[in-house]
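Features reported for this protein in TrEMBL:
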DOMAIN    56-134  domain 'Thyroglobulin type-1'
SIGNAL    1-18  signal peptide
TRANSMEM  262-287  transmembrane segment
Amino acid sequence: MKIWIALVLATFAVCATGQCPQCSTMKWAMCDVPSCQCSLTMGVNVHQPLNCTALVPKCFLMKTEMYRAKAGLSTRSGGKPVESAFVDNDGIYDPDCETTGAFRAKQCNNTDTCWCVNSAGVRRTDKGDASLKCEKLVETYWVRLQLKHKAVSTPLNSSVLQSAIATAIQARYFLDLTHVKEEVQYDPDARLIFVDLKKEKTDRTTDLSRVAYYMEKDVKLDPLFLEQARLTPVVNGQTVEMEDILVYYVDVDPPTFTMKKLTGGIIAVIVVVILAVVAGLLVVFLARRREQKYSKAEPREMEAL
Ligand SMILES: *[C@@H]1O[C@H](CO)[C@@H](O)[C@H](O)[C@H]1NC(C)=O
Ligand SMILES: *[C@@H]1O[C@H](CO)[C@@H](O)[C@H](O)[C@H]1NC(C)=O
Ligand SMILES: *[C@@H]1O[C@H](CO)[C@@H](O)[C@H](O)[C@H]1NC(C)=O
């Protein structure tokens with residue numbers, strides 16, 4: 001009898017672990033028998049069903065990461081595609097999601113401080129209190145990805161690199177190539193690759209933020225995919241590894257940060273520039289002094305000889 005029960009349990013265990021395929025687009029998902037529906041644990045007893053043939057909505061991913069107490073994103077900096085473009089300087093928060101996985105327009109991170117976000121979940125207004133009104137979710141229709149690749153031994157052929165990147169975006173992130181609008185740009189000296197993902201301003205089905213978020217994880221942390229291979233395009237047999245990524249968001253309506261906040265950032269940049277200039281001058285000054293010392297010392301040494 002005991003042996004029989006053990007056998008039944010063992011068969012059950014094999015079925016439970018062996019029956020369902022895993023979720024290829026989300027490494028943390030659980031796919032349980034008998035339905036094999038994969039779901040993501042986003043909170044205590046919050047199990048979000050997933051479609052594993054598509055990228056998981058960014059809102060669900062952020063919620064999961066907060067739940068899993070993951071570290072925040074690193075601070076990012078760089079140049080803009082248009083004046084109204086902005087980057088995510090806040091990092092991660094615990095978002096409120098619609099059942100579809102879309103971000104709610106107003107986010108409060110479980111506090112009394114709230115702000116309005118775009119469809120990529122990135123803050124686009126100043127922070128306010130709980131009474132803040134966010135009329136609608138403003139769509140992000142253009143995302144610029146600025147990738148920096150690691151140093152390579154032989155220079156990369158830019159046309160081959162450009163098509164390798166475009167192909168990777170289609171194959172890895174399931175994004176139709178029609179959304180890679182302008183040609184992929186490449187600056188070999190700076191090792192920078194610029195990719196512009198765009199959609200029609202009225203398009204509410206294509207979600208560019210998922211592609212950007214999966215790519216950020218691929219470059220900065222670990223891939224969200226079950227398969228942990230990195231985003232490494234191969235150019236003429238040479239594997240190109242990425243070392244950094246910066247994402248710009250362009251919304252259908254420009255963001256409404258006040259100038260007060262923006263000048264804070266500009267002042268900080270100016271201070272850094274001034275510090276760099278002062279440091280540079282100091283180096284030049286010290287080098288000159290040393291030179292002078294040497295040139296003064298030399299004749300005396302000559303005399304001594
Ligand atoms: C899952 O995503 C794929 C790709 O976007 C889509 O074609 C399919 O209809 C989705 N399935 C469900 C059940 O929503
Ligand atoms: C959200 O709250 C968490 C703590 O619960 C904090 O670590 C995080 O920085 C907050 N994020 C933002 C964008 O305010
Ligand atoms: C780059 O590759 C393309 C296509 O393979 C080729 O036509 C072109 O001549 C190459 N350019 C250089 C500078 O090697």
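Glycine is no exception: its Cβ is also placed from the backbone N, Cα and C atoms.
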Restricted to the domain 'Thyroglobulin type-1' (56-134), the mean pLDDT of the model is 83
Counting each residue once, how many in the domain 'Thyroglobulin type-1' (56-134) are helix, strand and coil under DSSP?
10 helix, 13 strand, 56 coil
